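Copied over from TrEMBL, here are the features:
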type	residues	note
COMPBIAS	283-293	compositional bias 'Basic residues'
COMPBIAS	294-305	compositional bias 'Polar residues'
DOMAIN	148-270	domain 'SSD'
REGION	283-311	region 'Disordered'
TRANSMEM	112-137	transmembrane segment
TRANSMEM	144-165	transmembrane segment
TRANSMEM	171-189	transmembrane segment
TRANSMEM	216-239	transmembrane segment
TRANSMEM	245-271	transmembrane segment
C-alpha cells in the first residue's frame, strides 16, 4: 500500500549540512494551517506530484495492490464482495467537500458482477426476440427450437472450454457469448432454410440434411474460420485484456463449426421440419392437394399425402 500517510512516502533535500529527509506527513501533523503548509512543502520536495498528488494539490491517490488469493481462506478474491465493501467506504466518507473515485480492474469486475442482473436481462430479452423473428420466417416450431438449442450449446461449450483452459470472462469480453449466439443463429438459420427447401421439394429429411450439409459446410466453415482468424489477429496487440478477448471470441466461433454446421443437420435429420413450413419455403401449399409447379424453387415435383414427390 502507498499513500501520503505511509512511512515509505518520503521527501529528500540537499542542505549545506548534507542530505535531509523525512516522511511527507510527519508524526507531528495535527491538521493546523502550519502542518498543512509543511505537508505541501514536503510533497513538493518528494517528487510525488502527478504521482500520488495532483498538480493542483486538490486530490491524492491511495494505491492498494491486491492479492488474487485470499491468504486467510485460500480462495480467490471475491470481486463482488470487495466492490461492495469499497462502496460502503465511499458512502461513509464521501460528502459535499470530499469526492472519492475508485478505479482498478478488480473494481471493474465488481461493478460487472453488480450489473450481472442487467446483463442477464439483456440476454433473456434477446433470446425471445431472436426466436420470434426466426419463427416468423420459418413458421416451424421444431426447427426454430433446434437452431436456438444449437446456438445455446455453442455458448455453453465456449464457457466450458474457457474454464478448462483457465480463462474467465472480464468486462471487456462479457458480451462475447452474445456475439457467438448471434453468429450461431445466423448460420443455423441458413442450414435450416436449406433443409426445409429440400424437404419442401419432396426429399426425405435424412437426404435433405445430407444435401444441405454437403452444399453449405465448406462455405459455412470458411466463414466461421475467417471470423475466428479475424478475432485471433487481435492477439498481436500487446494488451492482456485484448488478447483474452481474442481468445474468448476465437474459441466461441470455432465451437460453432461443430454445433451449427455438424450437430444441427444431424438433429434436423432425425426431427425434420413441419410439412406446411417446408411447403411454404417452396411457394407451395401443404401436401394435402396435388400440385406440380414449384416456381420459386426452380424444380418440378409432385406432392401427395402418401409419400414424397418424384424429382
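Each residue, glycine too, has its Cβ placed from N, Cα and C.
Ranked by the number of CB pairs under 8 Å to the transmembrane segment (216-239), the listed stretches 112-137, 144-165, 245-271 are led by 245-271. Each residue of the domain 'SSD' (148-270) gets a DSSP state, and the totals for helix, strand and coil are 105 helix, 0 strand, 18 coil. Confidence in the domain 'SSD' (148-270), given as mean pLDDT, stands at 87.
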